[in-house]
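Pasting a structure below so you can have a look.
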Amino acid sequence: MFEENNSPTTDNSLWTLQGRQRASPAQRLHNLTSAGSSTSSSGLPLPQNIFTNPAIQPSSVINLNHSTDVVIGPMTQYQGPVSIYYMDYMEAHAMQTAAGINSNNANGNGNANRSRDKSPSRRVTRNTILLITLILLVLATGLIVLYVELNRPKPELPSNKAIYFGNNYDHQTFPNLGNGHLVVDREQWGASKNSHGLTIPLKRPIPYVLITHIGVQSLPCDNIYKCSIKMRTIQDSAIAEKGLPDIQSNFYVSEEGNIYVGRGWDWANTYANQTLAITFMGDYGRFKPGPKQLEGVQFLLAHAVANRNIDVDYKLVAQNQTKVTRSPGAYVYQEIRNWPHFYGCGMDEAPACGIELGMKTESWDAKQ
């Protein structure tokens, strides 16, 4: 309650507020209903200008001692039922976070729906661009390949003439026989460097051509790779097992009709000095010679005649006409006996082969 100060002055601003006990609810209601009169809790009248006089500064003259439930300043009072909810910081933060997540989910779902609405058209556009790019790359590649193929120099096709060489042929650079019959030199099929020096030269033109085969169940070879291996095997066997200085024959003919150089034009073969030995690569007691193989031998003979390596009237004989052997095989023998230069020496009552040259039986098995 308010009490008047004992100071002799009567200034209305010198009032002090002393502590009082907490009023009961009934007393508070009575105070509210009697708000029309300005009295203190003790029934003493308050000065009328205590709240309206600007000269009065209660903050400088009011002392609070052992008081409770004191309000200084404006206060709002509610009459009627009021519901007050208390929410601590954690609950408020959780609700705000949940609201944010829901908002984000709503935005995300909206964006996803919009993306799903737009993604098919984007996917179609992307696939179309990729397809067009791929087609353009394929077309460009095809055009480049076509251009390269059209501008690649074409190899000269061999002629189908019987003889393909002029008189200026150099035997040290053996040419292609034409018509697909290649000549594979010693360096090309990988001749061994361990061969011993050959000492018996061939005198040209050569009067006899001797036809042999490899035999011993040898399979015909049909490409340069396989035939080159076979040539090296024959040479190794001749040097290591038979004690010969080099491979036996002058030339070898494969199934595809290619010519492989053995001792060549300059050196005598291992059979007889005055002969040019041509060997069919395979066992022709078991296999038939192919048409390209037979043609390759004929082309080689035509080339040799044109260049005077063999006599114009050369005599063609099979090895079994000169000694007891199955070479060159029954199938080859059936073919060559019908060739124009075949010579039937050593058969039935015919004279021995080479007798006109002074050759004896031993001359056809020189092993040199």
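Cβ atoms are placed via backbone N, Cα and C, with glycine included.
Per Swiss-Prot, the feature compositional bias 'Low complexity' maps to 33-43, 102-113. According to Swiss-Prot, the disulfide bond annotation covers C221-C227. As annotated by Swiss-Prot, domain 'N-acetylmuramoyl-L-alanine amidase' applies to 233-320, with the evidence given as sequence analysis. Among the features that Swiss-Prot reports, N-linked glycosylation site is placed at N273, N320. Annotation comment: Swiss-Prot describes 21-46, 101-122 as region 'Disordered'. Residues or ranges marked as topological domain 'Cytoplasmic' in Swiss-Prot: 1-127. Residues or ranges marked as topological domain 'Extracellular' by Swiss-Prot: 149-368. Look at Swiss-Prot and you will find 128-148 tagged as transmembrane segment, backed by sequence analysis.
Let's see these features in context: how buried, what's close, how far.
The Cβ of C221 (disulfide bond) has 22 neighbouring Cβ atoms from other residues within 10 Å, across all protein chains displayed.
In the domain 'N-acetylmuramoyl-L-alanine amidase' (233-320), helix, strand and coil residues by DSSP number 26 helix, 22 strand, 40 coil.
Counting every protein chain shown, the number of other Cβ atoms lying within 10 Å of the Cβ of N273 (N-linked glycosylation site) is 19.
Less than 8 angstroms from the CB of N320 (N-linked glycosylation site) sit R326, S327, P328, Y333, each of them six or more residues away in the same chain.
Distant neighbours of the transmembrane segment (128-148): none; no residue of the same chain at least 6 beyond its ends has a Cβ under 8 Å from one of its Cβ atoms.
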Reported as an integer number of Å, what is the Cα distance between C227 (disulfide bond) and N273 (N-linked glycosylation site)?
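Per the Cα atoms, C227 (disulfide bond) and N273 (N-linked glycosylation site) stand 26 Å apart.
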